[in-house]
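K.L.:
There's a structure below that I have some questions on.
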Amino acid sequence: MVWFQCDDCGENLKKPRLPRHMSMCTATKFSCIDCGNMFGQVSVHYHNQCITEAEKYGPMVRSNGESSKQKHDFDINAELFNSQWFCSLCNATMTCEQDYFAHVYGKKHQEKANEVADMDYSKQQSEHPAVDKNNLTQQPDLDIYVGLSNDYPWFCSLCDINATSEQTLLAHANGKKHRVKVERFDAEQQKRQSTQHSTVDKKDYSKQQIEVDINVGLSNCYPWFCSLCNVKATCQQNLLSHANGRKHRENVELFDATQQQQLEKTTVDKKDTTVNASDGNSEQKKVDLLVSSGVANGYSQAHKKRKLETCDETWKREVVQAEEAKGGGEQKSESKKAKKQDKEKKRKKDKKQTKSDSDFEHDKEDIKQLLVAYSKEELVNLIYKTAEKGSRLISAILESADRDIAQRNIFVRGFGWDTTQENLKTAFESYGEIEECSVVMDKDTGRGKGYGFVMFKTRKGAREALKRPEKRMYNRIVVCNLASEKPGKAGKEQDMAEPVNIDLTKMANQSEAVLPGIELGRGHVLEKMHHQQQQTMDMFGQNMPFYGYSHQFPGFDPMYGALSGNQMLAGLPNYGMFGSGMMTNQGSMLPPPNHLGMAGQYFGDGEQAWHQR
């Protein structure tokens, strides 16, 4: 079988594998491993001369010395004769091909072949002298993997080639074409790096030479403009881009140059003035010398006098300028001090005037007489108009309002009988600091009556609590009002009713117990009639709510309890203990809505219903 090597990827191939390899690789030439001849894609199929040698020896060494599969440091076929099975190194003959190859790959033959290779290497070194490694310019190793993909799909971006597997891609990377392109790529990169370094060095050198403040003449806020170039911009970014331009930089350089020249001139002038002021006598001597030289040269005396006068005048002017320059700073400081003193004097005068005005005060009795003539509404309007924020009048009004307990004390009603002072305090602490908190208790039962008082430390807390008078407290609706405020007169008139003559004889058909006529005031029941009334009310399944807890029998209807608490039959009077108003409807079977609602709401606890009306 003939063996070929691909010129592009360097892979060793048998003849039947050539068509498949051609479809995968872009190689156009193949070399025979035995004879070393080059063939194209078509002529390869007609090469059949090396069939016997390839079948005998397998893939042999190419003419340029590269092996196909294994690369040995020495030639194991050294000193072998192909005609006979004989080894000249070991001086041994073999009878067949198998013995021949077994001897060639043996240890003894390999050791002798290594010795021969070492001898040849020493001869080459003796013929060619050693070269210093330091003088050599070592070429950098090429990175063959440049342009190769790490994952599927396998391709080479440098050569623009696709591969079916990773092995074929690596074989392509070892080929000549890929190596040439990698060398070109490395050379281009080195050129780019060198040019970049040169440009960076030039830029740094230019920056070191000239350091210009680009922000000179730029506005810090809207409107955006450049005073040096007399240019306007729509935004800050456009202004900064203008500052980086060439024209603006040139104008900034000119501005800096003019400033430096002015500074140099001022320094030179100062030096000249100091020298002229200190060395005035020397200048006079120079003038005398000039005059004598002029006389020697034949100038007229009048001309000489003019020169002397001009020199004296200039010298005097320079001396005066130097003195003014020295004393200018002192004069400015003195003028500032004088201005400050004048301002202080004016302030003192104003204070004296205000003191004199304050000394003139009216008598308090006169003010009282004036205020008596005003009504309450007029006084309120006058104070409201004259008072201003931060004034003493407002502060005095607020302090007096905070001291007044009536402005800070709140009356709370509607909570349960089991509420304590701690519960009430925690419910109202969110509005402000509390000074006192009390719950009104019943002396007989020792339970709360359902109302209490909360006193805040400041008026602000009370105001915040009264913004919403109705609040939810422990699943109950609580009503808040100022303690000084009382219910309206209409309610009082209804509450202050005359005693009612209660007669329960009409209920004899329903109960055997008969109550004698007794006059009862509002909210009072005689202890003697407690047992008799309880017997009459037990038939309806409910005790009187005033006496505390009630008992319900199975199948009880709350409507009957509501009727028993107010009026059961036509003509019966109202007891006046379950509501604030009196009943006048003698012919109706149902009580008014307010009494019906109270009885139905507090059916389980009559005493609590009494306090929650």
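Backbone N, Cα and C define each Cβ position, glycine as well.
So Swiss-Prot lists the following for this protein:
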ZN_FING   1-26  zinc finger
BINDING   CYS6, CYS9, HIS21, CYS25  Zn(2+) 1 binding site
ZN_FING   27-51  zinc finger
BINDING   CYS32, CYS35, HIS47, CYS50  Zn(2+) 2 binding site
ZN_FING   85-115  zinc finger
ZN_FING   154-184  zinc finger
ZN_FING   224-254  zinc finger
COMPBIAS  322-344  compositional bias 'Basic and acidic residues'
REGION    322-360  region 'Disordered'
DOMAIN    408-485  domain 'RRM'
K.L.:
Closest of the binding-site residues to CYS32 (Zn(2+) 2 binding site), Cα to Cα, picking from CYS6, CYS9, HIS21, CYS25?
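P.N.:
When the Cα distances are compared, CYS6 comes out closest.
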K.L.:
Do me a favour and check the Cα-Cα span between CYS35 (Zn(2+) 2 binding site) and CYS25 (Zn(2+) 1 binding site); whole Å is fine.
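P.N.:
Here the two Cα atoms are 23 Å apart.
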K.L.:
Where else in the chain does the zinc finger (154-184) make close Cβ contacts, counting only residues six or more beyond its ends and a cut-off under 8 Å?
P.N.:
6-11, 24-26, 142-148
K.L.:
Within 8 Å of the Cβ centre of CYS6, CYS9, HIS21, CYS25, which other residues of the chain have their Cβ, at the recorded Zn(2+) 1 site?
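P.N.:
In sequence order, the nearby non-listed residues are ASP8, GLY10, GLU11, LEU13, MET22, MET24, ALA27, THR168, ALA171, HIS172.
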K.L.:
If you measure CYS6 (Zn(2+) 1 binding site) to HIS47 (Zn(2+) 2 binding site) at Cα, how many Å is it?
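P.N.:
Counting only the Cα atoms, the answer is 15 Å.
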K.L.:
Including all protein chains displayed, how many Cβ atoms other than that of HIS21 (Zn(2+) 1 binding site) lie within 10 Å of its Cβ?
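P.N.:
Looking across every protein chain shown, the total is 19.
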K.L.:
For CYS6, CYS9, CYS25, CYS32, CYS35, listed as binding-site residues, tell me which one has the smallest number of other Cβ atoms within 10 Å.
P.N.:
CYS35
K.L.:
Pop the Cα-Cα gap between HIS21 (Zn(2+) 1 binding site) and HIS47 (Zn(2+) 2 binding site) into the table, whole Å please.
P.N.:
17
K.L.:
State the count of C-beta atoms found within 10 angstroms of the C-beta of HIS47 (Zn(2+) 2 binding site), not counting that atom itself.
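P.N.:
Around HIS47 (Zn(2+) 2 binding site), other Cβ atoms within 10 Å: 17.
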K.L.:
I'd like the per-state residue tally for the zinc finger (224-254) from DSSP, helix first, then strand, then coil.
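P.N.:
Helix, strand, coil within the zinc finger (224-254): 17 helix, 6 strand, 8 coil.
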